[in-house]
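Asks: Take a look at this one; I'll ask things after.
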Amino acid sequence: MVIYFVLMMQGISYAKLANLPPIVGLYSSFVPPLIYSVLGSSRHLAVGPVSIASLVMGTMLSGSVSSTDDPILYLQLAFTATFFAGVFQASLGLLRLGFLIDFLSNATLVGFMAGAAVIVALQQLKGLLGIVHFTGKMQFVPVMTSVFDHKDEWSWQTIVMGFGFLLFLLTTRQISIKKPKLFWVSAAAPLTSVILSTILVFGIKSKAHGISYIGHLPKGLNPPSLNMLYFNGQYLALTIKTGLITGILSLTEGIAVGRTFASLQNYQVDGNKEMMAIGLMNMAGSCTSCYVTTGSFSRSAVNYNAGAQTAVSNIVLAAAVLVTLLFLMPLFYYTPNVILAAIIITAVIGLIDYRAAYKLWKVDKLDFLACMCSFFGVLFISVPLGLAIAVGVSIFKILLHVTRPNTVVLGNIPRTQIYQSLNRYKEASRVPSFLILAIESPIYFANSTYLQERMLRWVREEEERINESHESTLKCIIIDMTGKLYELCGKIIYSQEFPICILANSEANFSAVSAIDTSGIDMLCELRKILEKRSLQLVLVNPVGSVMEKMHKSKILESFGMSSMYLTVGEAVGDIAASWKPQP
């Protein structure tokens with residue numbers, strides 16, 4: 001029953017968020033859950049409208065078509081965008097291209113959802129203050145300008161009712177957060193608010209002229225909307241773009257939510273099957289007066305806590321919505337719009353995860369940059385451009401890691417054969433006459449030139465350091481192509497970043513140079529020639545199988561010779577150092 005309350009209120013509220021008639025939100029809570037219950041693989045996913053997809057659809061479509069001036073055209077575009085979202089989602093599942101949604105990193109989504117939540121909350125000031133004429137734009141500056149430019153339209157009755165119920169909803173939300181067993185308190189609060197406010201408005205309707213309410217909602221099942229799909233004309237590109245973006249966002253949310261609850265119950269969610277299920281239910285929904293739907297985290301959480309064990313819960317919810325559509329719609333006639341605004345504000349507040357943003361700042365500054373680009377892009381530019389900027393920053397981060405891989409100088413841990421980073425391990429010390437480098441990346445055409453320049457720069461810096469400290473002349477450069485983490489009984493190695501407690505005579509390998517292409521092979525040949533001219537020996541340590549195979553096919557091993565290939569750094573250092581000693 002609790003999940004039914006949540007579904008009903010969110011269906012009506014999120015439809016309003018998308019600038020659609022409230023009845024469309026209920027239609028979207030009937031057909032899609034039935035289809036998902038047959039095709040989906042998650043046992044706990046509760047299907048229906050969600051805030052992010054509703055916001056994006058409302059924002060993108062309202063920028064070109066007014067939902068009040070031309071409601072029929074707006075409905076056509078919404079249904080068509082839903083159809084294209086479904087086609088895109090199903091195509092990803094059919095072609096097994098789900099990896100594309102991984103470009104929406106967690107950092108991007110944190111900033112995007114926070115920015116969207118702020119925009120959504122500000123948009124609800126129209127209903128919360130009783131403003132009649134309000135901007136259709138979604139950016140921060142136009143919204144706030146519109147709020148203060150229409151102060152003469154503020155209604156004190158609406159403000160008192162709105163902030164009163166908003167306080168009630170936020171209080172119940174805090175109760176459920178602090179005491180998870182009381183999850184039903186916040187879940188039931190929206191319907192409680194709707195019932196109380198509806199009774200209140202009905203009782204004082206002759207005196208409360210400043211409070212607007214929903215009005216008539218048609219009874220009956222979903223009317224067909226296949227004839228409303230818009231496949232030609234000037235707005236076709238807009239519907240495709242809107243469908244693409246809302247499809248990606250709803251698919252990302254649906255799969256993430258499904259996998260979250262699957263992990264709690266130790267079962268697997270088939271990603272491609274989920275894409276097909278969500279895509280087909282949106283395609284079918286677009287033909288039955290529904291807009292974009294997916295799995296909602298809040299409803300799924302209530303579903304999970306209520307003890308649902310199979311997808312049959314979606315059928316039960318759809319049946320409850322059916323009863324509402326057939327018999328209970330007149331009860332919502334006097335439901336005030338301000339309550340829907342309060343419910344939406346309460347729902348989107350949970351999307352602002354400042355703790356996650358702070359964690360991004362502490363862990364990865366580039367991720368934090370992507371988060372902030374997404375947040376401020378949505379807030380001050382537009383939802384699609386803000387998202388595009390954040391995705392661009394994320395892709396730039398990937399390219400940066402590929403083209404500028406990390407290289408480190410290794411040193412020896414005294415009385416062991418362990419070689420680790422000099423910067424991370426304070427016990428590590430340099431080996432006289434040797435420069436030991438580790439490459440922490442495959443060697444490709446995109447980074448081969450950089451790696452050559454970086455390693456030659458390491459050589460120059462090492463020679464300068466040796467000249468200043470009057471140490472043994474540099475004679476050999478060793479490139480460790482396989483990272484190692486050694487463990488020896490009773491030995492503790494202290495890192496500047498974290499302590500590692502060493503246990504028992506074991507060694508764990510993790511590949512650093514896991515692959516190489518022809519540009520990488522040419523780079524190694526060129527590097528060897530440059531170093532030979534400077535009387536420096538180049539040695540490679542333990543290339544992995546695929547790298548060794550390519551080096552063998554390219555004949556590079558013949559030029560290096562067996563004396564320049566070793567299995568471990570310790571073996572290379574010991575053998576080469578012994579060859580430098582004068583023979584008796």
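Cβ from N, Cα, C; glycine included.
Small disclaimer: the values here were computed from a predicted structure and weren't measured.
Below are the features listed in TrEMBL for this protein:
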type	residues	note
DOMAIN	424-576	domain 'STAS'
TRANSMEM	20-39	transmembrane segment
TRANSMEM	46-66	transmembrane segment
TRANSMEM	72-95	transmembrane segment
TRANSMEM	107-134	transmembrane segment
TRANSMEM	154-170	transmembrane segment
TRANSMEM	182-204	transmembrane segment
TRANSMEM	315-333	transmembrane segment
TRANSMEM	339-356	transmembrane segment
TRANSMEM	368-396	transmembrane segment
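Looking at the shown structure, what environment does each listed feature sit in?
Replies: Within the chain carrying the transmembrane segment (46-66), a Cβ under 8 angstroms from the stretch's Cβ atoms is held by residues 3, 7, 10-11, 14-15, 17-20, 25, 28-29, 32-33, 36, 40, 73-74, 77-78, 81, 112-113, 116-117, 119-120, 136-138, 235, 238, 241-242, 245-246, 249-250, 253-254, 281, 291-296, 299-300, 302-303, 313-314, 317, 344, 347-348, 351, 382-384, all 6 or more beyond its ends.
Among residues of the same chain six or more beyond the transmembrane segment (107-134), those with a C-beta under 8 A of the stretch's C-beta atoms are 17, 51-52, 55-56, 59, 140, 143-144, 146-147, 150, 153-155, 157-159, 162-163, 166, 210-212, 252, 337-338, 340-342, 344-345, 348-349, 351-354, 356-357, 360, 364, 367-368, 370-379, 383, 386-387, 390-391, 393-394.
Within the chain carrying the transmembrane segment (154-170), a Cβ under 8 angstroms from the stretch's Cβ atoms is held by residues 127-131, 186, 189-190, 193, 196-197, 200, 208, 210-212, 336, 338-339, 341-343, 345-346, 349, all 6 or more beyond its ends.
Within its own chain, the transmembrane segment (315-333) has Cβ neighbours under 8 Å at 3-4, 7-8, 11-12, 22-23, 26-27, 29-31, 33-34, 37, 46, 194, 198, 213-222, counting only residues six or more beyond its boundaries.
Residues 9-10, 12-14, 16-17, 22, 51-52, 106, 110, 113-114, 116-118, 120-121, 124-128, 161-162, 165-166, 169-170, 173, 190, 193-194, 197, 214, 298 of the same chain lie 6+ residues outside the transmembrane segment (339-356) yet bring a C-beta within less than 8 angstroms of a C-beta in it.
Tertiary neighbourhood of the transmembrane segment (368-396): same-chain residues 55-56, 59-60, 63, 103-105, 107-112, 114-116, 118-119, 138-141, 241, 245, 357, 360-361, selected by CB-CB distance under 8 Å and a gap of 6+ residues from either end.
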